[in-house]
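Over in TrEMBL, the protein carries these features:
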- 28-54: transmembrane segment (TRANSMEM)
- 74-93: transmembrane segment (TRANSMEM)
- 100-119: transmembrane segment (TRANSMEM)
- 139-158: transmembrane segment (TRANSMEM)
- 188-207: transmembrane segment (TRANSMEM)
- 213-233: transmembrane segment (TRANSMEM)
- 332-349: transmembrane segment (TRANSMEM)
- 369-389: transmembrane segment (TRANSMEM)
- 409-429: transmembrane segment (TRANSMEM)
- 449-468: transmembrane segment (TRANSMEM)
- 489-512: transmembrane segment (TRANSMEM)
- 532-555: transmembrane segment (TRANSMEM)
Amino acid sequence: MESKGSWTVADAVDYKGRPADKSKTGGWITAALILGIEVVERLSTMGIAVNLVTYLMETMHLPSSTSANIVTDFMGTSFLLCLLGGFLADSFLGRFKTIAIFSTIQALGTGALAVATKLPELRPPTCHHGEACIPATSFQMTILYISLYLIALGTGGLKSSISGFGSDQFDDKDPKEKAHMAFFFNRFFFFISMGTLLAVTVLVYMQDEVGRSWAYGICTVSMAIAIVIFLCGTKRYRYKKSQGSPVVQIFQVIAAAFRKRKMELPQSIVYLYEDNPEAIRIEHTDQFHLLDKAAIVAEGDFEQTLDGVAIPNPWKLSSVTKVEEVKMMVRLLPIWATTIIFWTTYAQMITFSVEQASTMRRNIGNFKIPAGSLTVFFVAAILITLAVYDRAIMPFWKKWKGKPGFSSLQRIAIGLVLSTAGMAAAAIAEQKRLSVAKSSSQKTLPISVFLLVPQFFLVGAGEAFIYTGQLDFFITQSPKGMKTMSTGLFLTTLSLGFFVSSFLVSIVKRVTSTSTDGGWLADNINHGRLDYFYWLLVILSGINFVVYIICALWFKPTKGKDSAEKENGKGFSVEDC
């Protein structure tokens, strides 16, 4: 007969704080209850983001560049707040409470947005083609901002915890449950894609044809239902014990190293402090020697407990393993920095590309495609690319190279190349669109919107490679105790990509505008040179790719018993290119 311990999960408890019983907690049923909130979150956030620029321009009467920046700032803040959500989940609330609280906040945000788009008092008067339009007042914009940033706050808290809480429902020490966990992550990405697909098709169509307040109201009700379903699993969930925030450990190592910055390192590393068991130690590396000083034993580093036992003060002395964990995070930063530009190009797909589509012929028979729904090609590219990669590229690569697929760094490189090609395609398409605009006075230009499909498809395919590559890289190359933080670090590349987009738009607008000319990014897209802006992104992306290759060649994984998986953790070699 199996022991009682084999029926419990060692590092998880039930809702009463008792060791989690495998027969009564966790598994696929509980994980499925969590996925509902993720679907609705994607439906709400992406449904708003991909069609918000048209609302800001056509209803709130804001300039083109201002509208684009509002969208990118909203999305950037959403992902930046993932760090706050992760910190609160790790240090104070736990993942369950974080999801419950922030999903409620997002529901309040979408509810407020439904009201803001419904009441006539909260938007400027309607104007017709050729008339001077009155822009939204500061009060009207304030209400809109409050709604959007409540949604951003909710999204940030949710994205930092949902995938982690879902994986908590499986015991990675149990081979059967570990296999189920891998299946869960596959389905998790599938549900994200399905939520996005519903957002850019059904929800965008409802916004344009039925009414934005109805669409956002449906999001609010859907989130409320998802929250109720989520709470129904309270007694069946497994709750992992909090190990504290890794941010504190990083600051402790930095503080200890700074305190001892004037001390000389010993000639041998055996004199550095180490208190971890042999099985989980990380081998010392020769990089970032300043951080090694945190492991030098000095007078006053130890404190006496009430039992008379001497323990190290973590703000004065760190073990070699803790120092190496911080080094591992530092080594991620060059790759982190060189992937930001991809998300800057991604931002154009939900701002200026949608604005391009709004000026073009979008009819299929009697049906008119909403401008925001053109991003369906973006989502389709992701799904097709993933399917081709899994079914064709991976088997071929394994047969030819004997490897199960591209490494994480190779996938990131492919994503950067595809996004650069996507911006080049966007620039060429815009040149063609502008040539038609100069010879036509119609509000809807006599040129098919399908001219924009290549740019959506190329950047979408790029996301399929870079998103999975980044996620794989940041999880496998980070210390075991900092994987939540490394996921948050990955998500900040999305955030900073949107903020960089806003910064570039503001700079280009300021530099190229004159008193008589709106410059590259004129208020009326037909009077500007958006193609020049796209070519600028092509140049920046090309330079960034060269820097990325240098950083990838420099990157070497840490070797040790607690290091990342070898299969995905190898360095980037010239052969990989």
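Glycine is no exception: its Cβ is also placed from the backbone N, Cα and C atoms.
Note that TrEMBL annotation is computational and uncurated.
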Assess whether the transmembrane segment (74-93) lies in contact with the transmembrane segment (532-555), where contact requires at least three Cβ pairs under 8 Å among residues 6 or more apart in sequence. no
Hey, which bits of the same chain come close to the transmembrane segment (100-119), Cβ under 8 Å, at least six residues off its ends? 37, 41, 44, 48, 55, 59, 85, 93, 143-144, 146-158, 161, 211-214, 216-217, 219-220, 223-224, 226-227, 230-231
Beyond the flanks of the transmembrane segment (332-349) by at least 6 residues, Cβ under 8 Å: 71-72, 75, 375, 378, 409, 412, 415-416, 419-420, 422-423, 426, 455-456, 459-460, 462-463, 466, 470, 473-474, 477-478, 486, 489-490, 492-494, 496-498, 500-501, 504, 534, 537, 540-541, 544, 547-548, 551-552, 554-555
Does the transmembrane segment (213-233) reach the transmembrane segment (449-468) with at least 3 CB pairs under 8 A, where each pair is 6 or more residues apart? no
Looking only at the recorded stretches 139-158, 409-429, 449-468, which one has the largest tally of CB-CB distances under 8 Å to the transmembrane segment (369-389)? 449-468
